Amino acid sequence: MRSAKRMRAARRGLLLASLLAAAGGAHATGEPSIIPLPAQISMEQGSYTVTAAAAIHVPPGDRAAADAAHYLADLLARTRGLSLPVLDDASPSRRGNIVIRSDAAASVKQAEGYVLDVDAHGISIRARDAAGLFYGVVSAWQLLTPDGSRGAVTVPGMHVVDWPRFPWRGLMLDSARHFQQPAEIRQLLDAMAQHKLNVFHWHLTDDQGWRLEIRRYPALTQIGAWRQPPGGDGKPYGGYYTQAEVKDIVAYAAARHITIVPEIDMPGHAQAAVAAYPDLGVTGTRPAVSIDWGVNPYLFNVDDHTIGFLRNVLDEVMELFPSTFVHVGGDEAIKDQWQVSPAVQARMRSLGIKDEKALQSWFIEQMGQYLAKHGRRLIGWDEILEGGVPPSASVMSWRGTQGAIDAARLGHDVVLSPAPTLYLDNLQSRSGDEPSGRLSIQTLASVYAFETVSPALTAEQARHVLGAQANIWTEYLNATWQIQHAAFPRMDALAEAVWTPANERHFDDFMARLPAQFNRYRQLGIDYADSAFAVDMQGKRSRAGDRIAVALTAQAPAATIRYTTDGTEPGAGSTVYRAPFDIAPGTTVSAVTFADNGEPLARVRARRFDGRTMSSIDGSGMQACAGGDLGLRVPLLPDATSPAPVYNVDVMRSCWKIPQISLDGVSGIAVDGAWLARNYGLAHDAAKVVSRAARTSAGELEVHVDSCDGPMIASMPLPTGSAPGSTWRVAATWAAQAGSHDVCILSTAPIRGSLSAIGRVSFVSSVASDAAR
Ligand code: TNX
């Protein structure tokens, strides 16, 4: 076998040859856009054209091949307009057209692998198992959709031998914080399968909602699935999955070789369950289903009744989900309630357990043993390592990667899903047009660079690394389009990190294969993010103010940026951006990145540069104040589904810094903001929320220069009547300032009421003509 490097070089060389050979042929595009990149691929002579007259052939009685064939036929019809029949007439020697067959002798390295050949006679897919055939079909579909057009397509000759790097290639979706319809779940599962991902970790219960019907305990969903959102119209927010819907979804996933790992979170994140059945809780009182994101205090108690309840729940969970692994959470369970409860303390003593962390271990092990008795395995978040990891447990490492290292060293199987890299609720660019989410920016490149196996592990320990997954937490992802924006194309980067051999992964090569994937997304109706290819524009005014130097950037390192300055859409013939250029105030710059083949890679971004727009700053131009963290970009109301408005907030400090802005000729400020729900479970950090003295009842926005302790140049009373979701504009003028300064804007609003948030700051110029230019 050739080394990976030489295979790569050979691939490139032959690719060039086949491109030249195919010149003038049907759809001669670049490198075959298979994502994730196969383990081995070599380009061969010849090519094959699939037309509307083609058929997909499978051997009679080869059920796995027939299933894969039908999946391919369906996908091709949807995305290429080719309706190919599936015929069960493939003899062992059959060649030509598309042939899919189970083949115990297929030379794949391991389970889920496949061999795919394209030559002048046709396309052949062989595999030892059903998953391998399915993945072969997914690769074939990608080869047959190299561009956005419909109808006949020519595939270059090649030999692909492919298998996954890890058995756990996952995606987690939080259906508790926001609820997704079954159809949305199915669409996500379908897309996962098309990325060769095979584990869907379904976060079904949390403080803000219990989403799984349990026949024995109907109140879990009658009460626990509904919450009363702040600032809403009085209608409860919620929803749940009936057992019939779950069975459907599980079958839909299984047909795509995806295992669904359900998560029932315990002993923390239990507030919705306790709201339904207060006797499961510690205090005996009934809380509301939570409306606060973060860490809430409600824990399950540790008595026999509650342990029995959870076992009964697991019975129904196991009945619905055939997965070997069942996830029992274990995260963020602050122990306050257990610490002050005489009953819990008595139980702890009678069990001979030394502290609450060890009590959590005992709790989790009760579940672990119960699952083991039923032939299942327990997995939990890395907090289950605290207080002694239960012997039967596997660990999902989220607080960085140390949990995975520790657990693997102790001989436990682990799955990597570290925050912030694999937390897709983080935004993916600094652009102001990104929707709500967490504000640690995790770009496509940073997800791509993720390495599942820590170099700190020995080869023996690394055998415990099952794989990795990305997590879609949905506190701020309220609608399908937001989930899709967060997931795509970072899911492509994840797929390559968990499927492709480590030494075959190259970001530039990956980026070159993405445009074809974007075409598939459009065909499939997936609202992907173009953030990695979007053009960001920064303008800098000359001293005299008569010229503006505009700099254009995009994350994609190799993308060609083209732009116009006359208001027209940039096309393949527009000026290529090479260095910052000068424009006169009042000019609109429109820019977009292009692939080598002349196709645009993103939506056109346009911006008019004049005195007014340049002195108007949105969240993307704001930073945290010293010692703070603008950690979140939140919508106007907790369940809002529109892209705007959004507000970057520091819930601890309510403070924003605008770095180095020229105050020459600036005579005042106008701030567009809103009152937001202060719906955060801050647990032990609650005491750290900064409270400032206010002079008026709703507090003020204070403007300081140079630092937050620097001179105050304006103070604007905030409007009273601070209902969450109400927007406002406040303004002030000030005595002339000179030079460039950091500007600090802080809020003195009372920390018990709504959260004051600023969305846009406009510096008002005293030179009227300048604003008009
Ligand atoms: C922490 S990750 C959590 C979740 C949140 C997430 C992101 C984990 C095991 N717990 O409850 O949704 O941060 O906001």
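Glycine is no exception: its Cβ is also placed from the backbone N, Cα and C atoms.
If you check TrEMBL, you get these features:
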type     : residues : note
ACT_SITE : E332     : active site, proton donor
DOMAIN   : 32-163   : domain 'Beta-hexosaminidase bacterial type N-terminal'
DOMAIN   : 166-501  : domain 'Glycoside hydrolase family 20 catalytic'
DOMAIN   : 548-599  : domain 'GH29D-like beta-sandwich'
DOMAIN   : 670-749  : domain 'CBM6'
SIGNAL   : 1-28     : signal peptide
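In the domain 'Beta-hexosaminidase bacterial type N-terminal' (32-163), helix, strand and coil residues by DSSP number 32 helix, 43 strand, 57 coil. Sorting the domain 'GH29D-like beta-sandwich' (548-599) by DSSP state (H, G, I as helix; E, B as strand; all else coil) yields 0 helix, 24 strand, 28 coil. Neighbour density for E332 (active site, proton donor): within 10 A of its CB lie 18 other CB atoms from the protein chains shown.
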